[in-house]
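Here's the structure, in structure tokens; my notes come after.
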Amino acid sequence: AAVVDIQPACLGLYCGRVVLAVNGSVEFYGDCGVCPRGQRTDDNKICRECLGSPDRYDWLYLGFMAMLPLVLHWFFIEWYSGKKSSSALLQHITALFECSIAAIVTLLVSDPAGSLHIRSCKVKKLSDWYTMLYNPSPDYITTVHCTHEAVYPLYTIVFIYYAFCLVLMMLLRPFLVKKIACGLGKSDRFKSIYAALYFFPVLTVLQAVGGGLLYYAFPYIILVLSLVTLAVYLSASEVESFKDLLVRKKRLVVLFSHWLLHAYGIISIPKLDKLEQDLPLLALVPAPAIFYLMTAKYTEPSRILSEGGNGH
């Protein structure tokens, strides 16, 4: 090992030299290669430890990835529980409990262990998520493998969380469902659990392949999906006025849930660290639902058909 300025240049976007020893103000470095976990290269191609903490946007991204399995749990519980089953609410609460405990445990086992804080590296660009695509081949024959988690721990922490979610679900839900799902047939009881066994691998692949893309796109995904699902729900429930909404409590719960998602998406978009600057934008949250309810009676298919018939 020698002082860095007399060593040959370190090739590749993410290859770096590990600090072997520090003698006063002089650092001694190893060969150019992959940085250890929890470190990433600086501007001088030296592996430096990640000592920062996630900013607000990073936490919102992690919150989005944590919400995905919970929303899917709720959707499939609702889908398979049927209208007469009173077990849905308890299953919803259990799913929330599982995901909350999984999130807390994930934070506790992440570095620094035993704390709800995590140390992280700053995300600078999209390629930080895909370091495996930037391994250099100096002589076009041998490849120098420098794949490491440059966005530590935003990439791997999601996999750990999904693993805990799955384990907790398998430990808690079957016993609960067996006890309370008396209104369902034996084959239907566990369908929401079977659905989770399908969607967790899908979510894992989604994070593995599209983690970086999701990081930059998730606020827009939340807004588009919440708007579409709200419109579909209101039309499927034949809600055409504010009075129709107040008839059943469940409709109000669904509406407020979508409003919370709208708010989450709106707050995530600006990437500002000053939350008070984003708060006026939250006035837009009820706008889509109000617009739908005001225009629903004019877009009723039977009315359009009857008016078209009268015109002829």
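Cβ coordinates are placed from backbone N, Cα and C, and glycine is handled just like the others.
In TrEMBL this protein carries:
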type	residues	note
TRANSMEM	59-77	transmembrane segment
TRANSMEM	89-109	transmembrane segment
TRANSMEM	152-172	transmembrane segment
TRANSMEM	193-214	transmembrane segment
TRANSMEM	220-239	transmembrane segment
TRANSMEM	251-267	transmembrane segment
TRANSMEM	279-296	transmembrane segment
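Non-local neighbours of the transmembrane segment (279-296) in the same chain are 227, 230-231, 234-235, 239-242, 245, 255, 258-259, 262-263, 266-267, 270; each lies 6+ residues outside the stretch with a CB under 8 Å from one of its CB atoms. No contact links the transmembrane segment (152-172) to the transmembrane segment (220-239), because fewer than 3 Cβ pairs that are 6 or more residues apart lie under 8 A. Long-range contacts of the transmembrane segment (59-77) within the same chain: residues 88, 91-92, 95-96, 98-99, 103, 154, 157-158, 161-162, 165, 169, 191-192, 195-196, 199-200, 203, 207, 214-215, 218-219, 222, 264, 267-268, each at least 6 residues beyond the stretch ends and with a Cβ under 8 Å from a Cβ of the stretch. Beyond the ends of the transmembrane segment (220-239), by six or more residues, the same chain brings 64, 214, 245, 251, 254-255, 258, 261-262, 264-266, 268-269, 288-289, 292-293, 296 to within a C-beta distance below 8 angstroms of the stretch.
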